[in-house]
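Feature annotation from TrEMBL assigns domain 'CP-type G' to 66-221. Residues or ranges marked as domain 'EngC GTPase' in TrEMBL: 75-219. Per TrEMBL, the feature GTP binding site maps to Asn115, Lys116, Lys117, Asp118, Gly164, Gln165, Ser166, Gly167, Val168, Gly169, Lys170, Ser171, Ser172. Summarising the annotation, TrEMBL assigns Zn(2+) binding site to Cys245, Cys250, His252, Cys258.
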Amino acid sequence: MRGRVIKIINDFYYVKAMDNNPQFECKLKGTLLKERCYPLVGDVVELKITDYENSQGQITSICPRKNRLIRPAVSNVDQVIIVTSPKEPNPNLQLIDRILVWAYFEGLKGIICINKKDLDLEKTDELVSKYTKAGYDTVKTSAANNKLGDLEYILKDKVTVLAGQSGVGKSSLLNTINPEFNLRVEEVSKKAGTGKHTTRHCQLFEVKDGYLVDTPGFNKKKLPDISPYELIHAFPDIKAYAINCKFNDCSHRKEPGCQVRPQVGGNISKSRLDSFVNLFEELVEQERRF
Ligand SMILES: Nc1nc2c(ncn2[C@@H]2O[C@H](COP(=O)(O)OP(=O)(O)OP(=O)(O)O)[C@@H](O)[C@H]2O)c(=O)[nH]1
Ligand SMILES: [Zn+2]
């Protein structure tokens, strides 16, 4: 039988069988332990049921991973939904673009969710238009009014990470999607002997045939180890014009023959070019340090 690891507590792996069967509490097969093959939350595994009545099983192998994030430690993630709001707090556009860059280089699809649309519909639509133009899917929600728009459809059959600045309503959205998220618990496992060493595993929550990764505080991301010149790939809106700039190392700031600058305010939002320029500088700095 095949299933997905949704939670890990100490040596116990909680596996949801693929065909909607109940959840099984599993131990690892001896050979996996010997080879130090430890499953991650998100892993698809083969399992053998050892006791149906008490929902106990054994994980016999781990299927190849599509990808693997380090923090949170989770595998087989499909997409990241970046939650923002029109006000209270005002959107942090630089943070959104930064997370989009991180997502691109992790191979994840980036989607923008504008929550709190009840506070300012006009500003909400401005954000929708900004990110649609940049090439991203967007969704408008109001957790306060139980309005999820297409969010549930977007989550269907996917493993999704929620990100975004503090106060935009990530927890509220989770609770609107499934009130059981209220029961979110910190599970801390103490390693025998040291007493101080603690591990915090993330958890997957079931939503609409898909899963949401529970990652409190997942926010600021170190930039990936890429050359500044690779950054353009994470900005499809700018890249479309940058390929025609006169100089192929154009920084789109003051060079003659730049095809990006004339698009600002039109096909390219000013905030997107600002983000690009700032992140480019940061990558140049990062490269200089090594
Ligand atoms: N008006 C309005 N307020 C909302 C909405 N969603 C959440 N809020 C409020 O916004 C505040 C922050 O919501 P949270 O869900 O805690 O935000 P968060 O993103 O989880 O914040 P962190 O846990 O700090 O990352 C709370 O007071 C919510 O009641 C919404 O759709 N509309
Ligand atoms: Zn240019």
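Quick reminder: no glycine exception, Cβ is built from N, Cα and C everywhere.
It should be emphasised that the depicted structure is a prediction, and the values quoted were computed from it without experimental measurement.
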Of Lys117, Cys250, Cys258, listed as binding-site residues, which ones have a Cβ less than 6 Å away from ligand 1? none
According to DSSP, which kind of secondary structure is Lys170 (GTP binding site) found in, if we only use helix, strand and coil? helix
Residues within 8 Å of the Cys245, Cys250, His252, Cys258 Cβ centre (excluding the Zn(2+) site residues themselves): Ala242, Lys246, Phe247, Ser251, Arg253, Glu255, Gly257, Gln259, Val260, Arg261
In this structure, which of the binding-site residues Ser166, Ser172 has the fewest other Cβ atoms within 10 Å of its Cβ? Ser166
For a Cβ distance below 6 Å to any atom of ligand 2, name the binding-site residues from Lys117, Ser172, His252, Cys258 that qualify, or say none. His252, Cys258
Determine, using Cα-Cα distances only, which of these binding-site residues is closest to Gly164 (GTP binding site): Cys245, His252, Cys258. His252
Check each residue in the chain of Cys245 (Zn(2+) binding site) that is at least six apart in sequence and keep those whose C-beta is under 8 Å from its C-beta; list them in sequence order. His252, Glu255, Gly257, Cys258, Gln259, Val260
Going by DSSP, give the three-state secondary structure for Cys250 (Zn(2+) binding site). coil
